[in-house]
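Enquirer: Mind looking over this structure? Questions follow.
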Amino acid sequence: MKEYKDTLNLNTTTFSMKGNLSVNEPKTYAKWQEQQAFKRMQNRKDNHGDFTLHDGPPYANGHLHLGHALNKILKDIVIKREYFKGNKIYYTPGWDCHGLPIEQQILERLEKEKTSLENPTLFREKCRDHAKKFLEIQKNEFLQLGVLGDFEDPYKTMDFKFEASIYRALVEVAKKGLLKERHKPIYWSYACESALAEAEVEYKMKKSPSIFVAFGLKKESLEKLKVKKASLVIWTTTPWTLYANVAIALKKDALYALTQKGYLVAKVLHEKLAALGVVDSEIAHEFNANDLEYLKATNPLNQRDSLITLGEHVGLEDGTGAVHTAPGHGEEDYYLGLKYNLEVLMSVDEKGCYNEGIIHKKLLDESYLGEHVFKAQKRIIEQLGDSLLLEQEIEHSYPHCWRTHKPVIYRATTQWFILMDEPFIQNDGSQKTLREVALNAIEKVEFVPSSGKNRLKTMIENRPDWCLSRQRKWGVPLAFFIDKRTNKPCFESEVLEHVANLFEKKGCDVWWESSVKDLLPPSYQEDSKHYEKVMHILDVWFDSGSTFKAVLEDYYGEKGQSPSDVILEGSDQHRGWFQSSLLIGCVLNNQAPFKKVITHGFIVDEKGEKMSKSKGNVVSLDNLLKKHGSDVVRLWVAFNDYQNDLRVSQTFFIQTEQHYKKFRNTLKFLLANFSDMDLKDLERSHNFSPLDHFILETLETTSTGVNSAFEEHDFVKGLNILMAFVTNELSGIYLDACKDSLYCDSKNNKKRQAIQMVLLAVASQLCYFLAPILTHTIEEVLEHSQVLCAFLQAKDVFDLKGINILEKLRLKEFKKPENFEAVLALRSAFNEELDRLKKEGVIKNSLECAIEVKEKALRENLVEELLMVSFVGVAKEKISETPAFTLFKAPFYKCPRCWRFKSELENTPCKRCEEVLKER
């Protein structure tokens, strides 16, 4: 029998089924860098508008992990999406270069080398070199993810001009009266020997002693109450702070019960405390808290007086309703102390050990000197003697240092703060506090997800003053001079601008290298002996929080618009970068420095647990890239609901790889089947069939849905819409139905050419929607299709832009076939019956069938195409009957070329195929 395979249009494409991504992507990315692809993107002439994404800086320390990849890939998708829409994009990647983690790395290295480095300038030089090294490492690792940006000129917070910009932002804060030096309790990391800001604290579970202690009322207080004995019972989980107790706070207007044995507790808590055995069960007297105010009790640890006060912070849900108050070790205690003029006792050093203050003020005996507060707690509890009513151990959420992961303490020290509740002058001449301005600014910002707005609002509503000062070396200094004659900082513009100019020319190292005289402007040098330098450095959150100023407003000039259109970071940045940027923006410009905040979740393992080396559940980014390639990693990011935590395992990446293969194989099929088109056919009108109109209308609906989802940055929704179209309507219906025409019709057949135009339109939309995500793959698609490039008028992926399918195909509208849903329903029922007949061995495939349809209104040619049968009508040999249709054996012979049963003679081509063969 004659072979007809060579007469079919079995077109091929050089676009490979296998991407071999891990080998090919690095070559593509190197080419993009060499050709300065990002600059080309910025210089495209058909820009419709501007779009700025301001990069929250990663820390220049260590290699990238999957969390970095998630963040940078999402940003890259957002940026490229805006670019392909036709906007001019601004994106300058940056790095946070100062701070404690780098200091710790250098200190550990020096310790291993058994050397010390007292010279701060040399120490800072080592820190700078470390940051430079990892900045380059991370930059190259980012580029392997297929991300684009101004990586040739990124921002670095350690650049001299950048340091000057950070300092100038600080100066603005000072000039507006919001920067003050205060002696108050703040989070203190004894492991880092430095103050911490709210954003540098993480909460973890910790076991602590839980003790109930009786403070006996003094004789005069007992006489006022007309009782013989009474002891206020306090509850605390920080016994080490009892040495600094100066007061006990009660709940205003609440009733307090005095038991028969003389213990005073809140009445509503008495029953619970009696059940615990803290107090006896019989109540002898009741007192209103207001009548107890200003009475005095005795601290059983050191016999010092403890004033009874009323506090708004006192709750009646737990404890005793009587709160141990040590203004040197608690913020609420401190503010209560201001109200009652309480003494601030704080005798704990930088390392968290008791210092000589405990001896001078007779707070503890000298045996505690130099002992760490947490280690001392056992002895303190023993020393309480009979005053200890109950001791337990509890596990509770406790603040820890985010860098060392060690517990922190509250410790009153002299630090510099940005004040949240100090009114300052607004642009309209009114006065508002920073808290008020920030809360108002939040209302004008869009949040994705929307829950982020309330989260940030709540944090701003409840946050304390911002502790800015750090007792470290690697950072931007709080470069102010204290006038020793007044003990006040010098905020004169001439002095501050002179320092800023020095930083811009020489960097911040000059603050350590130069004398006071050399740092002052000439007009102040004569009085230099009256000034001394502040030697604290700035909280690194101030560095990163002021990046919008340096990148978008001053130093980097044409790097984007301020406020930026979007910032995009992990959800933990509500308490970090989002807050610091918001607060600095509100001080400098009375507005948020961003219009939209997008947040993503964290990377967790397949069980939803946090990844850690100790658990052995870390998935290596480098291994993923080597095994799957960056486009698969990018697709995994986009195909997940990034607003929640992303679960990751090899299983998830294998699933993503299947999605990738579906897109790739579909594109390969499309490319192959329009590869033989004459480019002249792109410029003329075509007569599209009802089936063509169906898929084009579905493509239009799909495009609208994907566009809408992508506009909301809901990439997983958009991709699911796209994948459903590719799987169901395109592959499941249209391509199957068109294969006969594509393979068997003449190359010049008008129907076939119309189908090819449809395939071009589909490929165009797939490229447009997938380009922000699978940029390398779409670049590869265009490299392998001259026809598609001509249709899109694009030589590579960076020429892509949205197209109007109707205009491109010279159509006024898409005309969906009448009764099409009925044909699809018929197709579904037919396929079900076909499966049964195949299993029973009656037939092998649908082409062996003829079908008589009961619903006569259905178009025969559409039924034949969609059901892929050889004949519509009645035939002799019935094989099945259903309420909707009757199936027969096809009444003709199988065509050896197209395999449809349409030949009048055995082993002879059908009429259609004969005509095609004559043309060859």
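Cβ coordinates come from backbone N, Cα and C, glycine included.
Checked Swiss-Prot, it gives:
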type	residues	note
MOTIF	58-68	motif ''HIGH' region'
BINDING	E569	L-isoleucyl-5'-AMP binding site
MOTIF	610-614	motif ''KMSKS' region'
BINDING	K613	ATP binding site
BINDING	C895, C898, C910, C913	Zn(2+) binding site
Enquirer: Six or more residues out from either end of the motif ''HIGH' region' (58-68), which same-chain residues have a Cβ under 8 Å from its Cβ atoms?
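Expert: Counting only partners 6 or more residues beyond its ends, the motif ''HIGH' region' (58-68) has Cβ contacts under 8 Å with 95-97, 99, 101-102, 105, 130-132, 134-135, 137-138, 141-142, 156, 570, 602-603, 611, 618-619, 621-622, 624, 648.
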Enquirer: Counting each residue once, how many in the motif ''HIGH' region' (58-68) are helix, strand and coil under DSSP?
Expert: 3 helix, 1 strand, 7 coil
Enquirer: Around the recorded Zn(2+) site, report the further residues of that chain (criterion: Cβ within 8 Å of the mean position of the Cβ atoms of C895, C898, C910, C913; site residues excluded), sequence-ordered.
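Expert: What remains near the Cβ centre is C744, P896, R897, W899, R900, K902, S903, P909, K911, R912, E914.
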Enquirer: Which whole number is the mean pLDDT over the motif ''KMSKS' region' (610-614)?
Expert: 73
Enquirer: DSSP three-state call for C913 (Zn(2+) binding site): helix, strand or coil?
Expert: helix
Enquirer: Please report the Cα separation of C895 (Zn(2+) binding site) and E569 (L-isoleucyl-5'-AMP binding site) in Å, rounded to an integer.
Expert: 61
Enquirer: Name, in the order they occur in the sequence, the residues of the same chain whose CB lies under 8 A from the CB of E569 (L-isoleucyl-5'-AMP binding site) and which sit 6 or more residues away.
Expert: G56, N71, W577, F578, T599, H600
Enquirer: Restricting to the chain of C910 (Zn(2+) binding site) and a gap of 6 or more, list residues whose Cβ falls under 8 Å of its Cβ, or answer none.
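Expert: When sequence neighbours closer than 6 are ignored, C910 (Zn(2+) binding site) has F892, C895, R897, C898, R900, K902, S903, E904 within Cβ distance under 8 Å.
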Enquirer: Hey, what's the Cβ neighbour count for C913 (Zn(2+) binding site) at 10 Å?
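Expert: 23, counting other Cβ atoms within 10 Å of C913 (Zn(2+) binding site).
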Enquirer: Counting across all protein chains present, how many other Cβ atoms fall within 10 Å of the Cβ of C898 (Zn(2+) binding site)?
Expert: 23
